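First, the structure itself, so that you have it in front of you.
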Amino acid sequence: MGPKLFKPSIDWSRAFPDSVYWVGKAWTISAICVLAILVLLRYLTPWGRQFWRITRAYFVGPNSVRVWLMLGVLLLSVVLAVRLNVLFSYQGNDMYTALQKAFEGIASGDGTVKRSGVRGFWMSIGVFSVMAVLHVTRVMADIYLTQRFIIAWRVWLTHHLTQDWLDGRAYYRDLFIDETIDNPDQRIQQDVDIFTAGAGGTPNAPSNGTASTLLFGAVQSIISVISFTAILWNLSGTLNIFGVSIPRAMFWTVLVYVFVATVISFIIGRPLIWLSFRNEKLNAAFRYALVRLRDAAEAVGFYRGERVEGTQLQRRFTPVIDNYRRYVRRSIAFNGWNLSVSQTIVPLPWVIQAPRLFAGQIDFGDVGQTATSFGNIHDSLSFFRNNYDAFASFRAAIIRLHGLVDANEKGRALPAVLTRPSDDESVELNDIEVRTPAGDRLIDPLDVRLDRGGSLVITGRSGAGKTTLLRSLAELWPYASGTLHRPGGENETMFLSQLPYVPLGTLRDVVCYPNSAAAIPDATLRDTLTKVALAPLCDRLDEERDWAKVLSPGEQQRVAFARILLTKPKAVFLDESTSALDTGLEFALYQLLRSELPDCIVISVSHRPALERLHENQLELLGGGQWRLAPVEAAPAEV
């Protein structure tokens with residue numbers, strides 16, 4: 001019997017309509033299954049609940065329809081990728097079988113067989129050209145759409161977590177919860193990037209498409225297994241091993257092989273979750289120590305503290321390396337096992353199918369398609385094994401972000417002084433009690449009222465609770481109770497710390513803080529800077545520098561008074577806000593404050609007797625919770 005004519009493995013004239021139907025059906029089934037699985041993960045797994053708590057508002061918020069539509073489009077891209085891979089396997093089958101038929105025709109002298117093989121070869125090349133264009137187009141669109149989704153999600157989540165961190169002053173009150181968190185800044189910057197990329201423990205890369213993400217990578221793997229199983233099932237024959245016949249041997253071989261390899265991989269890779277989490281935590285702690293040294297460079301230089309700082313940095317760096325060594329050893333074992341498994345299986349389909357090819361039961365193209373299907377099923381079933389370390393790193397990012405969300409919620413839930421707006425622009429403290437973290441009373445219940453234009457100086461020995469009282473009134477200190485009535489409009493009440501906050505940006509931004517720089521004319525800024533003895537800075541308003549390092553502590557405190565004049569509050573609390581100034585300049589600034597804002601209520605914390613004369617009333621904290629409130633003995637100075 002002579003060689004047979006070439007016959008295409010599928011009817012290519014029906015490939016397009018059949019593919020459209022297949023893609024539509026596969027997308028619908030996949031969407032339903034993915035949604036069901038995500039719901040189950042949400043309710044049945046701890047990390048699913050954590051994931052949902054972090055980003056729930058993005059998927060059920062006002063723009064959620066657009067989010068789900070984008071996910072649907074990305075899922076469509078995944079389904080198209082699988083369908084193209086299936087068609088490529090048939091195209092490869094036709095190409096190799098056509099070559100085989102052409103060679104058989106040449107060898108047998110049968111021109112008809114030869115011509116059928118040649119026509120089949122060029123037909124397969126034409127099919128390949130069309131599919132290659134579709135494949136490249138899909139990949140480019142896939143990367144673009146994936147990046148759009150990731151970027152939009154990251155923008156939203158960064159804003160969401162930043163606002164959550166700022167809301168209710170959680171950024172400060174987090175310090176007082178039982179289990180404090182480390183480096184919230186890194187969690188918002190780095191872990192959000194890892195979280196939204198969804199590719200494992202690495203930040204987003206511009207080349208990432210759906211196949212790079214854990215979710216869509218898993219979906220593509222499952223669809224590929226189902227799609228190529230049908231092909232492999234039809235191409236598999238019976239294998240005899242020690243007299244035992246195994247039908248559909250190729251299919252069962254790949255299932256058993258991958259199952260055993262995956263179980264062993266999970267055993268080897270299990271510690272990677274904790275090692276990845278510790279790697280992030282320890283590196284963040286070391287980075288924070290370096291940042292602190294940079295910010296305190298002048299103080300360290302005065303102390304000649306280089307040796308101590310070096311020792312402290314080394315102490316923090318040593319556990320980074322110790323943990324990383326364990327991480328590397330475990331990763332080498334994990335990756336070594338996966339590589340061995342992947343390399344061992346490469347020749348297996350050829351070895352198993354070779355006897356059937358030599359017996360003429362199948363064509364060469366069938367063997368090639370068998371190897372392609374076998375490889376796709378193996379790679380797809382191995383997805384979870386190969387990406388176990390990526391899942392571990394992604395899980396670590398979820399833990400860290402959930403820790404931030406949880407800490408913010410606990411920080412906001414801590415008790416605080418109840419603040420109410422006053423009807424007459426007065427400041428009134430009702431039953432304000434301040435305690436230490438251990439529960440000891442720091443200030444007994446306190447009642448004070450100041451009307452418009454009134455002033456109060458708070459004095460007492462160090463540790464008596466002066467600054468803590470101001471923190472309590474600012475709703476920062478959680479170990480306090482009582483009610484504070486104060487002017488309640490935006491920026492109608494200001495609190496100034498001893499070392500003013502200097503934000504990043506231009507000098508204009510620094511001086512106008514917390515107001516918008518665009519809302520204040522240059523002439524007003526220059527006039528205000530001149531009044532607080534900072535006239536030399538008037539020509540530097542648009543310079544962008546690290547002003548916290550450029551300005552001296554005294555200049556920073558004068559900037560704080562400039563902010564008061566620009567904001568025009570109705571009440572201001574100052575915590576030793578002139579401690580870096582000489583007595584004369586201190587007096588001048590208080591006189592300026594009273595002349596510019598005569599109706600403003602001024603409450604100051606001070607250690608200087610001279611400052612007491614600039615106020616009408618004095619609250620002296622005596623220690624042990626006791627206090628004394630009385631008019632200032634000397635008549636208040638003209639301020």
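Heads up, the Cβ atoms here are built off N, Cα and C, so glycines get one too.
Sharing the feature lines straight out of Swiss-Prot:
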type	residues	note
TRANSMEM	20-40	transmembrane segment
DOMAIN	67-393	domain 'ABC transmembrane type-1'
TRANSMEM	68-88	transmembrane segment
TRANSMEM	121-141	transmembrane segment
TRANSMEM	213-233	transmembrane segment
TRANSMEM	249-269	transmembrane segment
TRANSMEM	332-352	transmembrane segment
DOMAIN	427-639	domain 'ABC transporter'
BINDING	Ser462, Gly463, Ala464, Gly465, Lys466, Thr467, Thr468, Gln498	ATP binding site
Can you tell me which recorded stretch out of 20-40, 68-88, 121-141, 249-269, 332-352 has the most Cβ pairs within less than 8 Å of the transmembrane segment (213-233)?
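Checked against 20-40, 68-88, 121-141, 249-269, 332-352; highest Cβ contact count belongs to 68-88.
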Including all protein chains displayed, how many Cβ atoms other than that of Gly465 (ATP binding site) lie within 10 Å of its Cβ?
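Step by step: centre on the Cβ of Gly465 (ATP binding site), count other Cβ atoms within 10 Å, giving 23.
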Summarise the model's confidence over the domain 'ABC transporter' (427-639) as a mean pLDDT value.
90
Where the record says Ser462, Gly463, Ala464, Gly465, Lys466, Thr467, Thr468, Gln498 bind ATP, what is the longest distance in Å from one Cα to another among those residues?
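Looking at Ser462, Gly463, Ala464, Gly465, Lys466, Thr467, Thr468, Gln498 as a set, their Cα atoms extend up to 17 Å apart.
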Which one of these binding-site residues has the most other Cβ atoms within 10 Å of its own Cβ: Ser462, Thr467?
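Per the Cβ count, the most surrounded site is Thr467.
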Taking the centroid of the Cβ atoms of Ser462, Gly463, Ala464, Gly465, Lys466, Thr467, Thr468, Gln498 (ATP site), which other same-chain residues have Cβ within 8 Å of it?
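Everything else in range on the chain: Gly460, Leu469, Val605, Leu621.
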Where among the binding-site residues Thr468, Gln498 do you find the Cβ with the fewest other Cβ atoms within 10 Å?
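So among Thr468, Gln498, the binding-site residues given, the one with the fewest Cβ atoms within 10 Å is Gln498.
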When you scan the chain for residues with a C-beta under 8 Å from the transmembrane segment (68-88), skipping those not six or more beyond its ends, what do you find?
15, 19, 22-23, 26-27, 30-31, 34, 59, 127-128, 131, 134-135, 138, 141-142, 145-146, 148-149, 152, 209-211, 216, 219-220, 223-224, 227-228, 231, 372, 376
When you measure from the Cβ of Ala464 (ATP binding site), how many other Cβ atoms are you left with inside 10 Å?
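There are 21 such Cβ atoms around Ala464 (ATP binding site).
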Hey, which bits of the same chain come close to the transmembrane segment (332-352), Cβ under 8 Å, at least six residues off its ends?
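Contacts with the transmembrane segment (332-352): 239, 249-250, 253-254, 257, 261, 264-265, 268-269, 272, 367, 370-371, 374-375, 378, 382, 385-386, 388-389.
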Excluding near sequence neighbours, so keeping only residues 6 or more apart in the same chain, what lies with its CB under 8 A of Gly463 (ATP binding site)?
Gly623
Cβ distance under 8 Å to Lys466 (ATP binding site), same chain, sequence separation 6 or more: which residues?
Ile458, Thr459, Gly460, Asp575, Val605, Leu621
On the three-state reduction of DSSP, what should I expect for Thr467 (ATP binding site)?
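DSSP assigns Thr467 (ATP binding site) to helix.
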